[in-house]
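Q: Sending over a structure as structure tokens; questions will come in a sec.
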Amino acid sequence: MEGRNQTHVTEFILLGLSDQGEQQSLLFWPFLSMYLVTFTGNLLMVLAIITDSCLHTPMYFFLSNLSFSDICFTSTTIPKMLLNIQTQSRVISYEGCLSQMYFFMLFGGLDHFLLTVMAYDRFVAICHPLHYMVIMNSKFCGILLLGSWVLSIFNSLLHDLLILRLSFCTKLEILHFFCELKQVIQLACSDTFLNDLAVYLACGLLGVVPLTGILSSYSRIVTSILRISSVRGKYKAFSTCGSHLSVVSLFYATGLGVYLSSAAAQNSRTSAIASVMYTVVTPMLNPFIYGLRNRDIKQALGKPFSRGTFSAYKILCFRIKT
């Protein structure tokens, strides 16, 4: 086993989504397009919510933070992937890999907690409408957001610190387009018991607990809605949480699909391809889901364009008169 242990690692090799260099090059423009759509769509959501005073409510407060988290989430992986394709390089430094894992887990975990908090917000709005503004006051919303950040930071920092204690083998190739935690752990030559234990605990903290909270909230929401006598009232209640439920379903369905595919498939690249769904596609679709299903968001997004059109019209009329 000569030369097997390596206490100081300088870089890892990201093998990407394909072994073929030509196929890797073909991925550049689709991923660049998806990243730009994701960045622009979520940024517009944040700006619309910030600038429109009508959207300064708890629900849109958490939605703006979710959009910001999605921007950061995709920005931790896709730009590096695009840079590697463009430069024909698959290298990522040891420090860069640790940083990428840290921010990927940070904003991925933040997404989990924000979706859970938004489910609780919808539960209070529908099941306790008269006490909604009292319960979901600005101080409590700030505490919920702060708690989500603290838990996400603690989880990602714990994993990074546990990685620092590992020594790695000489073969440092990662069958992924970013530094995925489980694959980095598999490259280690030293004992990974604590790392594996932390991964299982994180699955419970970021997966089981939030999903249980979401399902519990929506079970009570559905029960309350069914008690409403009027059809119009039921439709209005369902429409207020329809967008969030669509995003939750998409997020957890894709995440579960990746987990099941990686567990069933021997080839880790299958998992890498499947992970594109929750790392790229889901954050890209979130603004469309909320924008298309939410009249307030559509009106907020349309105001700048309508003001710009009106200003241009006045300028044109002034020039014609002069």
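Backbone N, Cα and C atoms are what each Cβ position is placed from, and that goes for glycine too.
Annotations for this protein, taken from TrEMBL, read as follows:
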DOMAIN    41-290  domain 'G-protein coupled receptors family 1 profile'
TRANSMEM  27-50  transmembrane segment
TRANSMEM  62-82  transmembrane segment
TRANSMEM  102-120  transmembrane segment
TRANSMEM  140-158  transmembrane segment
TRANSMEM  197-216  transmembrane segment
TRANSMEM  237-260  transmembrane segment
TRANSMEM  272-292  transmembrane segment
Q: Quick check: do the transmembrane segment (272-292) and the transmembrane segment (140-158) share at least 3 Cβ pairs under 8 Å, counting only pairs 6+ apart in sequence?
A: no
Q: Below 8 angstroms Cβ to Cβ, which residues of this chain, lying six or more residues outside the transmembrane segment (197-216), approach it?
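A: Residues 105, 108-109, 112-113, 115-116, 119-120, 151, 155, 158-159, 162, 181-182, 185, 248, 252, 255.
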Q: Taking the domain 'G-protein coupled receptors family 1 profile' (41-290) alone, what is its mean pLDDT?
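A: On average, pLDDT over the domain 'G-protein coupled receptors family 1 profile' (41-290) sits at 87.
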